[in-house]
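All remarks here apply to the structure that follows.
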Amino acid sequence: MSADAAAGAPLPRLCCLEKGPNGYGFHLHGEKGKVGQYIRLVEPGSPAEKAGLLAGDRLVEVNGENVEKETHQQVVSRIRAALNAVRLLVVDPDTDEQFRKLGVQIRGELLRAQAGPEQAGPPAAPGEQGPAGENEPREVEKSHPERRELRPRLCAMKKGPNGYGFNLHSDKSRPGQFIRAVDPDSPAEASGLREQDRIVEVNGVCVEGKQHGDVVTAIKAGGDEAKLLVVDKETDEFFKKCKVVPSSEHLNGPLPEPFTNGEIQKNNPETLAPAASESPRPALARSASSDTSEELASQDSPKKEDSTAPSSTSSSSDPILDFSISLAVAKERAHQKRSSRRAPQMDWSEKKELFSNL
């Protein structure tokens, strides 16, 4: 009997949203004394409003997964994991109450089974793309261009009674300033800001390489409004492969291509060229030897090593003879300092030797 009664009851709605520049445009919250997550506010002209989402709707499924018993943060994480598009199965309060009285659990299968003949009715508004069964392959088809178009996001927010509602921190393992946490129902959450996002620009000014205090100061300088250009981890890695700093031009403009070998080969010599031009000879010395102490030695140390190396192989070259009698020469110089007046006698003997050689 419950199935027959459910056939005449209003149906849940499947709302397919595509993220816009300011996010999806709805606020999610939990109500005291009630189980589940509810739509608190739908912004005018937003993707949520166009998809047919209504304030007061209860969220049943996110991308085909039941979320009725999940916490607020778990539901938010599921929605964020959907990248730029999400499918929400929702029910309005009247429909929710009728299904509870009938003892029927709301599921996506119920919508597919009973909504087919009634697609011309009210449920057709959020599902203009076709029945729920047809939406799934289309979403799969969209997943490929979404991955190719990894773009930064512009999160515009106005300060509320408790501030913007996000925490900023720096990660020792990665350069930059990151979003550590986003408070539920905060201006930051409404703007589409996500945990682990990296801030690229603050109010149109690039903050790449800035310290934590500088970024905080830039945000505070905006007064009660802030526009943060951010990238998630995947988008950040994409732009790093392209060796391009994300900017507001990449919100809708052309994206760089990271997977061409030509670009990588052009960029690599630029980074290696300064090191090679500054000290080419030490670079060759490092490649020829695995001894790390050579890197800290001066240019005189290789000369000593070059001179000592052949000493064990030959004894006919003059430099080696000089090194072999270095102690004797030192002693002679010491004696010469002590008895410098006896030097002329040595000069006469040297002159005789020179004359004989000539």
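All positions are counted from 1 along the displayed chain.
Cβ coordinates are placed from backbone N, Cα and C, and glycine is handled just like the others.
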Site from S191, S290, S349 that Swiss-Prot describes as phosphoserine, others unannotated there: S290
Residue from S170, S289, S316, S339 to which Swiss-Prot assigns phosphoserine: S289
S46 (phosphoserine): tally of other CB atoms within 10 A of its CB: 19
Mean per-residue pLDDT computed across the domain 'PDZ 1' (14-94): 89
